[in-house]
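K.L.:
Quick one: the structure is below, questions incoming.
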Amino acid sequence: MDWGALHTILGGVNKHSTSIGKIWLTVLFIFRIMILVVAAERVWGDEQDDFVCNTLQPGCRNVCYDHFFPISHIRLWALQMIFVSTPALLVAMHVAYRRHEKKRQFRKGDQKCEFKDIEEIRKQRFRIEGSLWWTYTSSIFFRLIFEAVFMYAFYFMYDGFRMPRLMKCNAWPCPNTVDCFVSRPTEKTVFTIFMIAVSSICILLNVAELCYLLTKFFLRRSKKAGNSKQQPNHEDKEETKQNEMNELISDSCQNTVIGFSS
Amino acid sequence: MNWAGLYTVLSGVNRHSTAIGRIWLSVIFIFRIMVLVVAAESVWGDEKSAFTCNTQQPGCNSVCYDHFFPISHIRLWALQLILVTTPALLVAMHVAYQQHQEKKLLVLTGHADPKHMEEVKKHKMRIAGSLWWTYVCSVVFRLLFEAVFMYIFYLLYPGYQMMRLVKCEAYPCPNTVDCFISRPTEKTIFTVFMLVTSSICIILNMAELVYLVVRACARRSQHHSNPSSGKSSFYGHKHSSEYKQNEINQLLTEQDGSLKDMLRRNSGLQEKGDRCSAC
């Protein structure tokens, strides 16, 4: 189970995202996860082995490293990316649930079901409206929160985003204040700034997507209010269909073996 | 066979799980297995090489490491995750058995075309009857394994916090020696994270158990208050996976019997034919 598997899982969600959502997913996988895997992990690979302190006192190096790096940048970024990408699974679950209901409706031979084939249901792309809109908006909101929390945690733990070359340490068992040298500080600073910049771009994309969804919602609502008295309301059709489906489901018998119901 | 292989095996089970079961599986794979593979393994990667004792005595380092870490956290978590995910295979086996029975029935009743066979493979089994018991057993086993491993963890590493310094006096260390653990804070963070996700999984399992029991009781009370409901046709009988199973078994034994007769007759004819051809 690695980043490739996460990509497979989330790739399915892509179909039901907005265009901004698709761009966000691409930025996440190419500019963050891929950079982490192919470049950043190597830069931080020798972070403890090459963390050198000016002392022969056994244990001083371990203790100083632990004091200055409570959790490595790489692990923080890995956790950040896992948390930031998982709200999309809420949307995937909701879509799977809707698809399941439509298949159930189709199998009962409902006349109102507009699909000719189970395959069509499987391939159908759901519009982001109704309860799916709320799920989608919540998922974006959670993404934003997780991004912000991790950026703050980063800033809080490492006092800014620059990696110093030298750190002075006097934790026990170091005999006195000891100079400790970090390996590849400039390269680490470059990658830290890069990851922070891409993180900010992702936050902007999420905010833009949230605004887009809200705007669409209000426009649709005002159109509905304007059209409501004039003609049968097609916007309500989705909710009416949903209600009918819910009724059918609550009245229905349990599944019979397929192929024998007729 | 690695975690990806396990993922392939278990995602098949996903289809026949409840909604809570699917959430549980996602939590296991994304927040536990994935975090273990991409993050935790590299934190514990140098646990032995960077374990330093304040002595030059050969062997003291190894002995002290072995004394304080009888089994590494990473290996414990890997074992836990494997044992916790495998009861789901009981359900997979039961479902495969039921599908096999249905296919056999289709063959016997003359509906053995590829379309119907595919339908049997694709249709989602209801968690009722004997499958309900199998499913509940698998959830109970999952809970048991989680609890046992949490307890073992607590026994081996009381407090869950990784110390920076441990004092060791095992032979051949000359006296009480200070030993320093690598990355203790990071290890503590990941230990707490894995414990929290383990607790979440335990809660999800309990919720699933309660949901299954409540559903079974509701179905049972519905059946008692409305015994004539449901289609009465053989194949559509609602509350009767056991009834269906009995009928299937009966048909199969009858057919097996008649098949055996047929085969015996055929082999008899064949022998006669051979004998004739040999004449």
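All positions are counted from 1 along the displayed chain.
Glycine is no exception: its Cβ is also placed from the backbone N, Cα and C atoms.
In TrEMBL, annotation is done automatically, which means it is predicted and not curated.
TrEMBL lists these features:
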- A:232-244: compositional bias 'Basic and acidic residues' (COMPBIAS)
- A:42-75: domain 'Connexin N-terminal' (DOMAIN)
- A:146-213: domain 'Connexin cysteine-rich' (DOMAIN)
- A:226-245: region 'Disordered' (REGION)
- A:23-40: transmembrane segment (TRANSMEM)
- A:77-97: transmembrane segment (TRANSMEM)
- A:132-158: transmembrane segment (TRANSMEM)
- A:191-214: transmembrane segment (TRANSMEM)
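How buried are these features, and what lies next to them?
P.N.:
Same-chain neighbours of the domain 'Connexin N-terminal' (A:42-75): 36, 154, 157-158, 167, 169, 171-175, 178-184, 187-188, 191-192, counting only residues six or more beyond its ends whose CB sits under 8 Å from a CB of the stretch.
Mean model confidence of the domain 'Connexin cysteine-rich' (A:146-213) amounts to 91 (pLDDT, 0 to 100 scale).
Note on the transmembrane segment (A:23-40): residues 3, 6-7, 10, 13-14, 17, 73-74, 77-78, 81, 84-85, 88, 191, 194-195, 198-199, 201-202, 205-206, 209 of its chain, located 6 or more positions outside it, place their CB under 8 angstroms from a CB of the stretch.
Sequence-distant neighbours of the transmembrane segment (A:132-158) (same chain, 6+ residues past either end, Cβ-Cβ under 8 Å): 16, 21, 70-71, 73, 76, 79-80, 83-84, 87-88, 90-91, 94-95, 98, 126, 196, 199, 202-203, 206-207, 209-210, 213-214, 217.
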K.L.:
Counting only residues 6 or more past its boundaries, what in the same chain has a CB within less than 8 Å of a CB in the transmembrane segment (A:77-97)?
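P.N.:
For the transmembrane segment (A:77-97), the far contacts come to 6, 9-10, 12-13, 16-17, 25, 28, 32-33, 36, 40, 126, 131-132, 135-136, 138-140, 142-143, 146-147, 150, 195, 199, 202.
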